[in-house]
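What TrEMBL records for 15-282 is domain 'CN hydrolase'. The active site, proton acceptor annotation in TrEMBL covers GLU55. Among the features that TrEMBL reports, active site, proton donor is placed at LYS155. The active site, nucleophile annotation in TrEMBL covers CYS188.
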Amino acid sequence: YVAAVYEHESILSPNPAALVDRQSALELMGRNLDIYEQQVVAAARQGAQIVVFPEDGIHGFNFTRNSIYPYLDFVPHSQSVKWNPCREPYLFNDTEVLQRLSCMALKNKIFLVANLGTKQPCEQTDPHCPSDGRYQFNTNVAFNDDGMLVATYRKHNLYFEYAFDTPPEPDYQTFDTPFAGKFGMFTCFDILFFEPAVNLIRQYNLKQVVYPTAWMNQLPLLSAVEFQQAFATAFNVNILAANIHHPTLGMTGSGIYTPVKSFTYHNMESYGGKLIVAEIPVITSNYKTDLEKTPGSASETGNEQLPPLFYAEMMYDNFTFVPVWGEKGELQVCANTLCCYLNYQRAVLSDELYALGVFDGLHTVHGTYYVQACALVKCGGLSFSTCGQEVTDATALIGFQLWGNMSTPYIFPLLLTSGITLDFADHMGWKNNHYFISKNRTSSGLLTAALYGRWYEKD
């Protein structure tokens, strides 16, 4: 099928904390919706059957609970309500944004997924009801090619979003399409947690996911395109990921991903939006990772000089590292119960410092979640203290086998090369209770090769 995602540079409120009336809010959102409309037309012209827009693209961000209120639409969250906002605009008040989105889908005969702020009145008898008598949700909506509202999803894992409430229960939202079967959806930070993202995919055996996001890139392990690709690979799904485009805030990185191929956009230099349209296969069966090539065990000769262990902060976590020296070698490094092993050979010897790092513990900055990671990274400079820094360019072409005795089945294989481009492993999978990833030689300079494990039970 043909899919489209749009990385949108939002027109933002100059003062999001200011209280404005509904008319002013609609005016600002209307300017963003005008751009959406052009992009839907462009996507449909290129044959797209579904188009996905980013999180916060219509209203922007940095609101307070009160200041976002005029920007919120009312959306009936009940599955029983069959509603076409474009054809039946009179059914509910405060649905101007939904009406426009619905009409875009209808006019262009395309499935459309977008993110907006929504409100839902609640009774004080509801123990979760906020004191102002309403819920405010960060919401994704999906419309079919006739403009019908076919799914609404309320974001569960909020990322410093004080304007919004967490829904009382996780939403498991799917919608059916004639061209690729069932799609599931979740938003941004949700991708790092079991609920609802992993549970949704497992329960419904999903193969297609739509993913609006407003992701701030964090190298070396959590750049948007890097993690989106790893998620598609780990769960054997197609992901249509639309990010916002604000390079000054570190926000870029969208794509259409299959487990073995991706069409991505990562641009920190220029401004303006970007439409990606790609034809991808519908995944029907479980694509099996290739387990033919198996890692050897690190040799224990005992008389070699072991490289020094050192510690450095990476992604706000205290990693234990060993330097990756010379043109080839075998290394291991351990922390807690996790041991990471690396066989490597460098095709081109450059004067860049690489290191193999391990972390097995609770990550506590900007969210709390348990991580088990084995990571081969390029350091920022030549001293040990620069390992873990954000690096975007590299020249060393490296072949490697990286493996670890992970305690969780949820492993995201990361492979990022110079210029924030993606590479694909030759082999990956489980062997003898170890997860491994191998590559004969990277296509360009290696930035990160990592196994990013999420041990959800220990969150």
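Heads up, the Cβ atoms here are built off N, Cα and C, so glycines get one too.
The number of other Cβ atoms within 10 Å of the Cβ belonging to LYS155 (active site, proton donor), over all protein chains shown, comes to 25. The CA atom of the residue listed as 'active site, proton donor' is located 8 Å away from the CA atom of CYS188 (active site, nucleophile). For the pair the residue listed as 'active site, nucleophile' and GLU55 (active site, proton acceptor), the C-alpha distance works out to 7 angstrom.
Mean pLDDT for the domain 'CN hydrolase' (15-282) in the predicted structure: 97. Cβ contacts within 10 Å of CYS188 (active site, nucleophile), excluding its own Cβ and spanning all protein chains shown: 26.
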